[in-house]
Amino acid sequence: MATEAKLTEINPFDLRTPSGKGLHIGIAVAEWNGQVTHALLDGAMETLIRHGVNSKDITVWQVPGAFELTYASAQLMRKEGIDAVIALGCIVRGETPHFDFISQGVTFGITRLNMGIMPEMVSGTLFNLQSKPVIFGVLTTENIEQALDRAGGRLGNKGSEAAEAAIKMCNLDKLK
């Protein structure tokens, strides 16, 4: 039987970010399109620290490209003490369908992680991961200018937004 949440517990109009004090956050960041991804990482780090996460409690792993973010995120989820993982990357459309394949693969992989399922077989069964939020901070843009606009440019920093989402999701888990 479902129980009704009290408005004091969950308020969809409360836009404040709760404290991140005591949280341990893992960040997987792609090296490809580094000018963009490093700006996303800077935004995420600044936001986490501003909201009380100790810089020593942030684990950053760099991977070659966006496609590798799913694997790194899964490994960070397995790491003792990590409360949430942020995946940061940038995929810019080119002349071939490669953009579509990579974007879809990364999106599907991160979605599977959020469902607690790693798409690998262990002894003939799916390997279940401990449920932890994995935040999708991967830009999928038509050109590099759009990416830069979203990585600290005129449209803000999606890395910062991903960090706020991670803190909020960790606090959501506390309501269970």
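Quick reminder: no glycine exception, Cβ is built from N, Cα and C everywhere.
A TrEMBL annotation is a machine prediction, not a hand-curated record.
Applying an 8 A CB threshold to same-chain residues 6+ apart, the list for E68 (5-amino-6-(D-ribitylamino)uracil binding site) reads A28, A30. Residues or ranges marked as 5-amino-6-(D-ribitylamino)uracil binding site in TrEMBL: W32, A66, F67, E68, C90, I91, V92, F136.
Under the heading (2S)-2-hydroxy-3-oxobutyl phosphate binding site, TrEMBL lists E95, T96, R150. Within 10 Å of the Cβ of E95 ((2S)-2-hydroxy-3-oxobutyl phosphate binding site) there are 6 other Cβ atoms, across all protein chains. Under the three-state DSSP scheme, E95 ((2S)-2-hydroxy-3-oxobutyl phosphate binding site) falls in the coil class.
The C-beta environment of H98 (active site, proton donor), restricted to residues of the same chain at least 6 apart in sequence and closer than 8 Å, is empty. Positions annotated as active site, proton donor by TrEMBL: H98.
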- Item | Alpha-carbon distance [A66 (5-amino-6-(D-ribitylamino)uracil binding site); T96 ((2S)-2-hydroxy-3-oxobutyl phosphate binding site)] in Å | 17
- Cα distance, F136 (5-amino-6-(D-ribitylamino)uracil binding site) to E95 ((2S)-2-hydroxy-3-oxobutyl phosphate binding site), nearest Å? 25
- Query: Under a three-state reduction of DSSP output, how is F136 (5-amino-6-(D-ribitylamino)uracil binding site) classified: helix, strand, or coil?
  - Reply: strand
